Each structure stands twice: as structure tokens, then as C-alpha cells.
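According to TrEMBL, the features are:
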type     : residues : note
TRANSMEM : 6-24     : transmembrane segment
TRANSMEM : 31-51    : transmembrane segment
TRANSMEM : 57-79    : transmembrane segment
TRANSMEM : 91-113   : transmembrane segment
TRANSMEM : 133-156  : transmembrane segment
TRANSMEM : 177-205  : transmembrane segment
TRANSMEM : 211-230  : transmembrane segment
TRANSMEM : 237-258  : transmembrane segment
TRANSMEM : 264-282  : transmembrane segment
């Protein structure tokens with residue numbers, strides 16, 4: 001049991017990062033970027049290509065993240081901003097972001113071909129025994145990286161000027177713009193950061209799978225489920241909690257039901273949780289996680 005819990009936390013950390021990537025861009029623009037999985041794929045493909053060409057893995061990874069960041073900004077400029085300018089409450093973004101995802105995916109298939117290629121190992125041959133279970137160095141790296149990125153985002157969001165600008169833009173973009181905030185720049189930075197988070201998730205999952213242009217479909221879906229389970233539409237860090245829960249449930253289903261259960265069990269978990277808490281298990285609308293208000297005494 002401990003083994004699938006540890007494995008679930010490790011893979012759940014990656015799901016949580018992708019969920020946070022979706023939640024960060026949604027937090028500012030109230031638009032779900034359905035090309036997020038493809039942004040992760042861009043990092044994986046560029047890193048694999050450069051590493052196989054003889055470049056150091058760290059340099060290939062940085063180049064991959066830079067490419068994802070650029071494509072992420074383009075997704076905002078091409079697929080999101082025109083919709084916001086025309087009608088903020090339109091659902092045209094649903095079609096535009098899905099269309100952008102298809103374009104990126106097919107462009108990757110044209111450049112690298114539809115077949116899979118090997119992804120370079122980041123950490124190899126090291127494992128940590130814990131109470132009869134084994135945690136590989138790659139899994140430990142995923143857990144630590146996800147924790148640092150989640151905590152870092154919350155610190156920036158709550159305690160920095162740019163974070164407060166993001167909160168103001170999320171709450172009321174028109175009012176934020178009226179008081180001098182450049183909401184377009186805030187949104188561009190949010191999409192760039194979300195692309196980097198998705199790319200880092202790709203670097204963490206890459207050694208466990210193969211690089212191919214269709215990688216983003218599966219993991220983008222799991223990231224979306226993590227965001228919805230956690231309540232990341234209200235608080236981006238809640239998507240990380242949702243990812244951890246999703247990972248443990250998926251690994252548990254694999255261990256207790258069969259090896260294919262993780263393909264369908266997450267959807268059951270999503271439906272059950274949304275029935276109980278429609279805005280997500282860790283959302284502020286859930287009484288267990290609602291911020292407490294200070295009591296007001298009358299004198």
C-alpha cells in the first residue's frame with residue numbers, strides 16, 4: 001500500500017503542476033487554455049531532439065522551456081486576447097484554444113514525425129527505500145520540484161506587487177485597468193508562467209515515457225481533472241492538491257483493480273467529487289476550506 005501511495009504522490013505532483021498551469025492562466029483571464037498539454041509536449045520534444053543531437057540535457061531543457069514559453073505567449077495573443085477584446089463573456093475561447101492545440105500538435109508531428117523517440121534520463125540508478133517501499137530519485141525530484149513551485153507561486157501571488165496586480169486583474173480587470181494596471185501584460189506573464197509550469201511537468205514525466213507529438217492530450221486531460229478536483233479555478237494551488245489526490249487514486253486503482261484502471265478511474269473520481277463539492281474539493285466554497293472571517297464585536 002505504501003508503494004502505490006508514494007508512486008501516486010510522485011505522479012500526482014506532475015498532474016498537479018499541469019493543473020496549476022491551467023489554473024494560473026484561468027485565474028487571470030477566466031479562460032481555460034486547452035492547449036496547455038501541447039505546451040508541455042513542446043518542452044518534451046525540443047528537449048529530446050536537442051539531447052539526441054549531443055547538447056547537454058540541462059541546456060536542452062532550458063531551450064525546451066523557452067520554446068514552450070514562446071508558444072504559451074502566442075496562445076494568448078492568437079487564441080485568447082482577440083476573444084477577450086471582442087466579448088469577455090463569450091465562449092469562443094473554447095474553440096480558439098482547442099484549435100490552437102490542434103495546430104501545435106500537428107506542427108510538432110510535421111517537424112518530428114508521429115513516432116515516439118527516447119527522452120534523456122535526468123536522474124538515473126538512485127533509489128530511496130522507505131518502509132519497505134522504494135522511491136526513485138526521479139520520483140523524489142518530481143515531489144520536491146512540485147512543492148517548491150507551488151509554494152513559490154503562492155508567495156509571489158500573496159506577497160509581491162505583481163502578485164497583487166494578478167489578484168486585482170482576476171477579481172475585476174476593468175477596475176484594475178482603471179487604476180493603472182496593465183492587464184494585458186499581467187495576462188501575458190500569466191500565460192508565460194503557466195507554459196513554464198507545464199514544461200517543467202513535461203521534463204519530470206519525460207524520463208518515464210517517450211517523447212511524441214500526442215503526449216499532451218493524455219497529460220493535459222489529467223491536468224484538467226486535477227484542477228477541477230482541487231478547485232483550482234478559485235485558487236491555483238488547489239490544483240496541486242487535486243493532482244496529488246488524483247495520482248494516489250489512479251495508482252491505487254492500478255494496484256487494486258487492474259493495470260488499465262488509471263485510464264478510466266480518474267473520471268469516476270472527478271464526477272464523485274464534483275457531486276459533493278461542485279467547485280472542487282479544496283475550493284473556498286467548500287466549508288472545510290473556506291477562509292475564516294474575524295469576529296466583529298459590537299461595543
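Just so you know, glycine gets a Cβ as well, placed from its N, Cα and C.
Listed by sequence, the residues of this chain that lie at least six past the ends of the transmembrane segment (6-24) yet keep a Cβ under 8 A from its Cβ atoms are 32-33, 36-37, 39-40, 130, 133, 135, 139-140, 142-143, 145-147, 149-150, 153, 190, 193-195, 197-198, 200-201, 204-205, 219-220, 222-227, 230, 232-233, 235-252. For the transmembrane segment (237-258), the most Cβ-contacting stretch among 57-79, 211-230, 264-282 is 211-230 (pairs under 8 Å). At the 8 Å Cβ cutoff, the transmembrane segment (31-51) and the transmembrane segment (91-113) share at least 3 close pairs (sequence separation 6 or more) and count as touching. Within its own chain, the transmembrane segment (133-156) has Cβ neighbours under 8 Å at 2-3, 5-7, 9-11, 13-14, 16-17, 20, 24, 121-127, 162-163, 193, 197, 200, 204-205, 207-208, 236-237, 240, 243, counting only residues six or more beyond its boundaries. Below 8 angstroms of C-beta separation, residues 25, 29, 33, 35, 38-40, 42-51, 93, 96-97, 99-100, 104, 120, 122, 187-188, 191-192, 194-196, 198-200, 202-203 of the same chain, each at least six residues beyond the ends of the transmembrane segment (57-79), sit close to that stretch.
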